[in-house]
Amino acid sequence: MLNGYLRNQCYKETIELFELMGASDWGFDSYSCNFVLKACMELEDYERGREVIKRAVDHRVDGDKFLGSSMINFFMKFGDFDSARRVFNQMISRDVVCWNSMIGGYVKGCYYVAAFDLFLEMILCGVRPSAITMVSLVQACGGMRDLELGKRVHGLVLVFGLGTDVLVHTALIDMYSKLGEYERARSVFDIMPAKTLVSWNVIISGYVQNCLVYEAFDLFQKLVLAGGGFDSGTIISLLQSCAQVADLESGKVLHGYIFRKGLDINVILCTALVDLYSKCGALKEATFMFDRMKNRNVITWTAMLVGLAQNGHAEDAIRLFGKMQEEGVTANSTTLVSLVHCCAHLGSLKKGRSVHARLLRYGYAFDVVNRTALIDMYAKCGNINYAERVFEDVSFFKDVISWNSMITGYGMHGQGHKALNLYRRMLEEGLKPNKTTFVSLLSACSHSGLVDQGRSLFLSMESDHNIRANEKHYACYVDLLSRAGHIKEAEVLIKQMPFQSSREVFEALLNGCRMHKNIDIGIKAADYLLSLDATNPGIYIMLSNIYAEARRWDAVDHIRGLMRGRGLKKTPGYSLIEVGKQLHAFFAGEDSHPNSVEIDRILENLKSELEALGYVPDTSCVLRDVDEAMKIKSLWRHSERLAIAFGLLHTPAGSLIRISKNLRVCGDCHTVTKYISNVVEREIIVRDANRFHHFVDGKCSCNDYW
């Protein structure tokens, strides 16, 4: 009866019947305890299971080797390795099943050395290993990432005559795949005398793990042609492969397979579809799949949230996290680190701090990946001091990515000398810089005007660190030279590049030409960029601005006419400010905000005060052919001024104001913000498309170099 309840998954009834047996004259034996112990394992009832084991010991029915194996499995399931070992040591008779229970338990608990020690003890005791023994040892080699040990265990498989066992073969395929030895995995698969669907799924999954997408699909085709069926596990691996290379069309074909073959639409399969569509940028399809799922786990929510974040919908991702909380789903590390990146993108310091608190609460804040994300977030939210605090925490094991992130943060905030000092510290501590390190350093030098230091770093890459400069390094170096006005030198450098010039390099040159009003080289750079991509509105805008600053209005009209003819539009300028728990967006020229009247009044008062202090509008920043009055009016409707006025209206006197802007700050707004910081006695931090500006007491951290 107990066995019947257990087989029909009536676990509570199994335990109740056992209690009834114990209270009656029937008593119980080792088989009864074995059945009820398995029921306790299914219900994850550790305390009840311990009571059953205590009764078995008290009634001296625990000597049976089958019950002994169940007791070991029970303790291993709950991570009580010491109790499992005590049971094992006290067993009078131990067969291979008992040894396998202990070895398998150690492997599942990642106690790999203990598993191999016990295996040696087993051999010395004269017990011949079974296929299950070898499967556990193969899995241990995969967990230890030890290829040489894995090869030795493979040899033992052959020595013990288990070379034809399908379970052992499948475990070997999985191990070799995880260790990057996909050719060995394939050779094991090819010699298998009988291949199960599990074997096919493991080799296909192995190819996907090793980024061999087309080979995985080729195997799938062979499986289908051989008349073998496939299940949701097969499709999940293939969906993951499509997601890796953003192959939306193949993913849709697989989605069609799912419905035509009537596969089990489980939560894992649906999550794989959400992940696929998200990574392919098909958010409409991803959202459709997500919304119609009846059961969603934390992985599903995270896949949707990451998809929104990676496709530029950071605010939607944060709103989705709110819904996730409402449904009582506990976030995991991946969920939270994705939110950290969202907060960094939005420049939302308050939300970022809130996510940091959650990382601490759940114990995820000590992971190197998460801490690096926090450094990046605090830097991008304008709080470089807090980024420093996270970085300098003595408990933080810092890898090269962490150092790079802090160097990048210093660069964004115009603290080039700090970035260089940190690089020297990094070398002193024995860390080897990588390609990204030099991208961060050259960018930091560019934002701080450290031309000589940048030159020295660029030359030291290959000579001192054997790192060959790539397109990103050249783009940063060209940007450094161009910003500093060395346009000719930058042009010569581009001609000497050992590979075809990239878009990034010429964009850096074009930006320098705009800053220093070099029309001739600017036109050549723009022409080259347009030959690469004639649909990029940013190139037309930059070229138009070069002409406008030179007052070549006929050329400006021509460029804008080309844009209209090709259906291209300028990206509207906007600024974000966080007040309370809400982000407020202001667009240039906007007058529809609920607080527009108050904002206009504040700006008018500021304009009067600033003019009294000597401010004169720089109308050269208005790149339109209109009269002076219209130019001045246009300047005072720039998005960052609207956001600053809103901040003055809704934040306490003396408090810091943070603004995020999607475009570069114009010269006049930069001057005005310096004046405002002095008049209202507030620090104002503005993050524009290039860097951070810290305005305090009428001065900016960039020293007017941006």
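Easy rule for this one: first residue shown is 1, then count along the chain.
Each Cβ is built from the backbone N, Cα and C atoms, and glycine gets one as well.
Features as listed in TrEMBL:
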type	residues	note
REPEAT	95-129	repeat 'PPR'
REPEAT	165-199	repeat 'PPR'
REPEAT	266-296	repeat 'PPR'
REPEAT	297-331	repeat 'PPR'
REPEAT	399-433	repeat 'PPR'
DOMAIN	614-706	domain 'DYW'
Intrachain residues whose Cβ lies under 8 Å of the repeat 'PPR' (399-433), provided they are six or more past its termini: 368, 371-372, 375-376, 378-380, 384, 387-388, 391, 440-441, 443-450, 453, 465, 467, 687, 691-694, 701-703, 705-706
PLDDT averaged over every residue in the repeat 'PPR' (297-331): 92
Per-state residue totals over the repeat 'PPR' (297-331) - DSSP helix, strand, coil: 26 helix, 0 strand, 9 coil
Secondary structure tally of the repeat 'PPR' (165-199) (DSSP, helix then strand then coil): 25 helix, 0 strand, 10 coil
Tally of residues which DSSP labels helix, strand or coil - the repeat 'PPR' (399-433): 26 helix, 0 strand, 9 coil
